[in-house]
Structure formats: structure tokens, C-alpha cells
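Everything on this sheet refers to the single structure shown next.
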């Protein structure tokens, strides 16, 4: 139990909508009489739902700090023990303490560990966990009147929670804590930049634009990695070089500079990455190339980064032409190897690319209704397996004849993407050669250098599919 968390909404940035929702909870705790005077019941529970690292725990601490009330925190996994009855006993103890300190906030992190859907009667279930959940449900229902105890729980798996836990009267409010947008990332970077010695040229707006999809925890880690790199290089200020290296490190792992590459392999990787980058740069309405590198990182021999479109990423809406472009870009690496070195010298380096192409093509046919022959039909029911928890099984609900048609349509989409990518590379082979030569020499090419190369040459862009 913390009497005062010392955290306020000023320490929480980039999730304004969630803060707005929770301001009401602060008001309940501070001015309970105003609500009870008109017959309003204070909500008993607030469920924070969102991906890992978006700031759910920090938000709960900030609510307690803003309201100036004690903060009890426990993880859902701490309730579950090997001895039957211990979990339920812990729930009772926690709520006894909370009642003696009311008004207060009880925070249960990772509530899915204890609040998971109870079994359907198959496989014996988990008596200890179910008993603990039953005790939690009883305690949440058993508050006499407006005691001023508000439960805040956090999870990134709302789909597995028991329905009885989510009904009104228990968790009355569900607050979604999303990944921050561009403006939110700028705010978060400003918070985490406090106390760090940044060079004058540091542009936080530019960093925010380079990091779509990053959570608050990712951005905190990014600036910390940059600070560590600065100290390791015996510098006194964090510059954009350290920031850029930290972004690459967070996205793809550390550089393997000690790995010696033969000239032949270096050339092959350079053409492979140049193939991806050139097809991506010349596809209409595709994500811009951010950086191309042939320095090995993690399990990859080289990497080409694209900057995802913010609107597309936030909305989750991808057009058919975008998905067709995505397949063509993924095939660009293998095609460059094929064009330059011949069929016999094509390597296994494109295995992940080919898996990605097959996955996108199959989803276009079976999930997104983008097949000319099958039409706007979703095929294959997706179902969760009660024994596997997280894994989703795809159940076939179509005939062998339809399965054969799906395979044909997938093959047709992949072939079309292959032909488009090959045409782009063959028509711009002189640029492919230049880009590969620069990569062999410098090992890294950024977006500005790529644009310079394209501006200096006669470029033939890809036609729409």
C-alpha cells in the first residue's frame, strides 16, 4: 500500500482520451458527497484495456495521486497459489485492508491471470483460480453502499475475461488505452527527455514521425538506449546519430559488426536489400523507404525499413492495391538476386519474405473477400480453442473444390505481384546497380540519399495493378 503515489496526470502523456475518462473517477473520490446527494452510485470498477506498454499501470497510479488517496496494488498472478484457498484468502485480506483505508484505489494488474473465463466443465478446470475469481466477484458485489473503494484493473487480453467480471456493478467502465498517435508520441518524448542532456539539433517531432506504432514504454526505452550509446561513446550530449542508432536497435536488434562478410556475400545482400527498396520506392501509394542497411542485425543479414502511413496504421484499413504492393515489395529481394546472379544462385535469404507473401495473398482471398472468382466471401471460421488459450484455430467450412480454387487464386495473386516487381527491377536495372554499389561501399543508405539517386536517373515507376 502506498499512502501517496507522487504520480499525477502531468506525468502521463499521449493518452488524453483515457485521462479524460479517468478524470471522472478522480472527481468521484474527491467529491463523493456531490454525487451521492443526487442519488448517483459511485462506479465500483474501471477496466483499463490496451496493448502492453501503453501506460495502464502509470495511469492507475496517477488517478490515486490526483485524488490524494491510498493506492493498493497487486498482480493477478499473486492470487493464484499451489495451495487451494490461499488465493481467495488473499482477496479477502486485500479488501479488508482497503475498507479500513477508504476512500482508496485497489489496482489489480494483469487481471486476466485470475479473471479468465471459467471452464466449460471439460478437463477438470482450475479449482484454485476459479475459487479466487469467485471470491473476487463476491467482494466486488459486497461493498455496502458508497464506500469509496474503486477497483482499477488492467489487461491486454479482454477477450479471455469472464463475463461475470465485466457486467455493470463490477467493472462499470472500460477505458481503452491505445498506442499514441503522432501528437501523443511528441508529448511522451518530451516527458522522457526531462533529465537527459540532449544536443541542440535534436528534433523530437522528427523522432515521433519515425516511430509510428511505438508505445510509451517503447519511446522511454528508445531514449534510454540513446543515452546508453552516448555514454558508451564517451560523449556529453545525446545527438540525432545516437537517436537513429537507438531506433534501429529497438526495431531490429543490435548491430553485429564483428561478423565478417565475404565480398560475394556482401554484394548479394546489397542487391537483395536494394531490390526491396527500389520496388517499394517505385510502387504507387506505398510506405516511403526510411533506411537500407546491409549490416547484420539480430537474425537478419540486412534490412530495409519503411515508414508506415500514420492514417493507415491507426485505422487498420488497407486497400487492395496496398496489399498487392506489399507482396511485390516482399518479392523484390529474391527477384534482384534472380536478375543479377541467375536462377541457380538464388539463396534462402528470402524465406521470410515468401512466407509473408503467402500469408497476405491467402488473407486477401479467405478473409478480405478480394478474390475475383470467389467474390466477397470470408472462408474458414476462426475459433479459439478452450485448451490453447491464446491460439486461434482456423476451421475449414468449405469443400475440397473451394480449397483448390483458393490455392489457385493465391497463386494468381502471387504471380501478379512477381511480374510487377520483376518489371520494375528490369526497367530500372541501372538504378538497382547504383544502389547496390553504394550499399557495398557505405553499408547504409538513408531516405534522402535514395531520393537523390532516383532524382539523378530516368525512373520508370510501377503501374497500378
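Every residue number used here counts from 1 along the chain in the order it is shown.
Heads up, the Cβ atoms here are built off N, Cα and C, so glycines get one too.
As the structure is a computational prediction, the values presented were derived from the model and not from experiment.
TrEMBL names 272, 276 as Zn(2+) ligands; from the candidate set 203, 343, 353, the record adds 353 to that same site.
Taking the C-alpha atom of residue 51 (ATP binding site) as reference, the shortest distance to any of the recorded positions 272, 273, 276, 353 belongs to 353. Residue 57 (ATP binding site) sits 37 Å from residue 353 (Zn(2+) binding site), taking the Cα positions as reference. All protein chains considered, the CB of residue 57 (ATP binding site) has 18 other CB atoms within 10 Å.
When secondary structure is read from DSSP and collapsed to three states, residue 353 (Zn(2+) binding site) falls in the helix class. Considering only the recorded positions 273, 276, 353, residue 53 (ATP binding site) has 353 as its nearest partner by CA-CA distance. Its Cβ placed at the centre, residue 53 (ATP binding site) has 18 other Cβ atoms within 10 Å.
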